[in-house]
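What follows is a single structure, written as structure tokens, with notes after it.
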Amino acid sequence: MGTRDDEYDYLFKVVLIGDSGVGKSNLLSRFTRNEFNLESKSTIGVEFATRSIQVDGKTIKAQIWDTAGQERYRAITSAYYRGAVGALLVYDIAKHLTYENVERWLKELRDHADSNIVIMLVGNKSDLRHLRAVPTDEARAFAEKNNLSFIETSALDSTNVEEAFKNILTEIYRIVSQKQIADRAAHDESPGNNVVDISVPPTTDGQKPNKLQCCQNL
């Protein structure tokens, strides 16, 4: 059945954020269990699921966290974001208000999460083409302006769901790998330590990627 769940080289925590009803839970279940529930109700509290993928011969275990987007769950934000190295910021392409709220979610993410977290903007429910309210080009331009990656998905018909999660996990892995190489070069040693200090390029203007500057000496 492939790699056992307890065997992995890296463990990355990725959080799903965005308004309630945009399809976060179904993105999670589609990627981790290949399931979709048309009757799914708003998530109560927090839940997470895991799935492992292979990147460059390494086993990457993703621990993906999902919480409801309603305001009353704001109290859990600190614990929810703690330790996250990636985030999927999800909106519904058929509901413009969920896209308008992306900016607020992005601010909350940057207030609570590590400043170097990798963020992907996800326009979900791309199967609802006839109801589209958010132009793809508009969302892509917003993502570029805010240094986010961007993709449109459909949890219902599986379009780009694998790609969304695998792309963000691969991006995190590349950054971690470069950080390890840079650290070893800087210290001129390779201390067999499995604890990875993750430093990713900044997602906000005006910040410098301090931890990666040692690469310039290579």
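Placement of Cβ uses the backbone N, Cα and C atoms for every residue, glycine included.
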Using Swiss-Prot as the reference, determine which range in 67-86, 107-126, 127-146, 147-166 is annotated motif 'Switch 2'.
67-86
Which residue range, 36-47, 48-59, 168-179, is the one Swiss-Prot calls motif 'Switch 1'?
36-47
For the binding-site residues Ser20, Asn37, Asn124, the one whose C-beta sees the most other C-beta atoms within 10 angstroms:
Asn124
